[in-house]
Every structure is written in structure tokens, then in C-alpha cells.
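Enquirer: Attaching a single structure in C-alpha cells format; questions to follow.
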Amino acid sequence: MSEIEDLEIQLLLEALYQRYHYDFRHYARASIKRRLTQARSQLGFPSISAMQDRVLHDPAMLPRLLGFLTVQVSEMFRDPSYFRALREKVVPHLRTYPSLKVWIAGCSTGEEVYSLAILFREEGLYDRTIFYATDINPEALAAAEAGVYALDRIRKFTENHQKSGGRSSLSDYYTAAYGRAVFDKSLRNRVVFSDHSLVTDAVFAEMHLISCRNVMIYFDRPLQDRAIGLFRESLTRKGFLGLGSKESLRFSAHAAAFSEFAAEEKIYQRREP
Amino acid sequence: MSGARLIVIGASAGAVQALLALLPSLPASFPLPMLVVVHVPSDRDNVLVPLLQAKCRLLVKEAEDKEPILGGVIYFAPSDYHLLVEAEGTLALSTDEQVNYSRPSIDVLFESAADAYGAGVVGVVMTGANHDGAAGLKAVLDAGGVAIIQDRTEAYATAMPDAALEACPTAFTMTLDSIASYLSSLGAA
């Protein structure tokens, strides 16, 4: 039973790649299997193969399936100590550059984009920075660009912002209406939202800081190596790479190209070549 | 001879006392890997790991993403991450939605373990005030593994053992002492 389902999953992932060029074939299998079985039961299909049949013939089905495959749960200033370390340890280095590029890879619905934009504004760096916010899910990108979040999440966001060493009040940056918080347009006038896949796409600019947190836990080892290789090529000399609090470069083929900059907070720095 | 290859444990309210009664009793030579999910508040570090390491003869650590699963090691799910088992014998983390209002979730660990290790899994559901673990323990049974539930009469909170027993009527019900000697015997086989 389980073996058949494994085969069906493999075939579905191959079909998604061949038909739509979405490549989930090297995603960590256990969690993608869980998401696909959830999608199967919530969308009401008797089997994974039945779901594959529909998505192959009906492009309207694709966004619904992508919703299950790419959903990542985030919050603003998630892990406040990470943002505190950026503020206290990384920002002093970034200040020495006349212009800056920051890449939020796998930005999902944008919580981290706004967190970094606010942090950079508070540190006086926003106006000389271009932020690239990328993801493979067009619906997530659209949500990120809209910058609208449910009001009941704001309390947690505010608490995190304060713990991260926030120098202002989070309420300075959004307008509350009809149960939603709309973040200020001025926070994204220097943000480029763009479709980019860590699986299939190439380097596109030279970055001073890349933040890619809790994205690569969904990849298998070879795919993690590909993504970290992209980051390595993208980073300027002594550029910074921030990972999720339970991720590390320890098992990566590129480990030697980076030094630990703030080990506890999983912030790495590219070594001199 | 036992075919057990992996032990998974889930506990919630009352977990600290239960784990302190169980894990330190395991011998230093215990050969199987053990994966543990305990519900802890999401923004706090898992204080259980250093506490148990001080009392256990086995290595106790927080699970890391893509880490190989080794015998004689007790891995705890990090707070605010699901812990999953991959078929090639490695650990994986996820920040997916909460399951049963919990992240980490016992069901997520048990279901992925049953999927990856099949009949080689021994699942243990202990004290707790919610229903997490019931579906996961059933997945362990369905895959041919062994299902154990802490005896409700000594559980700090009975909702979790009760829900597990309802989902898995054929599971063994054991006191912590019996669970400890059963697990130790797996190592001796």
C-alpha cells in the first residue's frame, strides 16, 4: 500500500516537472508525502494518481496543489534573537557599503521581507538597499506584495519586534482596518518581488546579505547543496548568509566556503576566495 | 528476537516526570535510536534536553535537520518544529502548520516513522491532556509495529492515553516501570 503510494508520489512529482516545470523531485520525502496525502484527502481524490490525472489536464488545479506543496508558516521577526544578531552584529558591517543588496530566498507570504525592511529602516540603511524577495509560488508572492495580514497575528509580530531590539513601534508601519493590518507601501518601494526557484534557476545579482530560513529543511541533501552553492556564488566577498535556527552548513558540501559569524543564530559569512 | 529498529515516544502534560522515570533507567549499552516529541511552549528552548542528559547514560540531544539516526541516541524534537523520519534513516524538520494545535506533533513523528521503518517501530504514548499521538500510534500498529500506552492510572493527564487506547484497542497498556523493562529487553535481544 505504502509502496504504491510512494510510486504514485514519484510519478506525480515527475508529471509536475514535465508539464509545468515545478521541480519538487528533490524535496525531503517525508514532509512532501504528508502534504500530498493531505491535499488528496482535502481535495477529495481517491488516490494520488487521480490527483495527478486532474492536475495534468486542468491547469486551474495547479495553484491549489501548489498551495499544499509550498505552504510555509512564518511570522514577522520569527526567532527575534536572529534579528537582534543582524541588528547588532551584521548591520555595523553593512553600514560600510554605499549601496546594499539583500535577498530573501523563499519569502513565502512576505513576513520576513517586512521584518527586514523595518529593521533596515530603523538602522538607517533602507534607502540605500535593494531587496529581492523570491519564491516559486505566485500566490504567495502576490500576498507578500500586498502586505496584508490578519490582525490577530499582529500581537505576536509586535512582541517579536520588541524582542528583536526594535527601535520604533510596529504600529507605525501598518494601518488596521476590518480585522486586517495593511503594511505601509513605503516598506516595499525598494523591494523587487520575483519568481525564482532554488531548484532550477541561476544566480541573478551580487548580494551582501541572503536570508533563507526554514526553506532548505524541505530539500534533500543534494538539493540543499545546490541551493547553498547558489548562495555562495551570489554573495559578495564577506557577504552574510542567515539560516533557520535549526539549520546548519555542517552537512553541506560548501561548508568550507563559509565561516560561522554568529554561530548561535546561524549567521554565516562567506570566506575570502 | 525482536525486530524493533526505532523507538518513538510522545508525551505532553506531565511529560517531565514521566521521562525522568523512564529514560535514565535505560542501560548505556542500549542499541536502538529513540525519538521523542514533548509539547513545550513554542518560544522557549527545550530545557528537557540538558536536564535529561545530566541523568541519562545515553546521549540526549536536540534533533538536527538531515542528521543520520544513530543507535543509542535519544533525539528530541526542537521546539516549534515538527520532527520527521526519512526512509534512508535520517531526520528531517518542518515548520508546517501545527497539527492537533501542536508543533512538534506526536502524530507527525509517529506517522513518518511508521512510513519509513514499518514494522520496526515501537511507539509509546504517555501522559498528556490532548489527543495528539492517537492517529500516529494507529499508523505504527497498521504498519506492523508495536504500540504501547502508559497506564492511565499513573498518568498525570489521562486524555492522551485514553485517546490513544480508543484509536488502538489492541495496544499494550503498561506502567512506566514495565515500559522501562520492556524497552531494556529490546536492547538485550
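Positions of Cβ are set from backbone N, Cα and C atoms, glycine also.
As annotated in TrEMBL:
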DOMAIN    B:1-189  domain 'CheB-type methylesterase'
ACT_SITE  B:S12  active site
ACT_SITE  B:H39  active site
ACT_SITE  B:D132  active site
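Neighbours and distances for these, please.
Expert: Other Cβ atoms within 10 Å of the Cβ of B:S12 (active site), summed over all protein chains shown, number 26.
Counting only same-chain residues at least 6 apart in sequence, those with a Cβ under 8 Å from the Cβ of B:H39 (active site) are B:A11, B:S12, B:A13, B:A15, B:S102, B:P104, B:G128, B:N130, B:D132.
Within 10 Å of the Cβ of B:D132 (active site) there are 30 other Cβ atoms, across all protein chains.
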Enquirer: Summarise the model's confidence over the domain 'CheB-type methylesterase' (B:1-189) as a mean pLDDT value.
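Expert: 93, rounded to a whole number.
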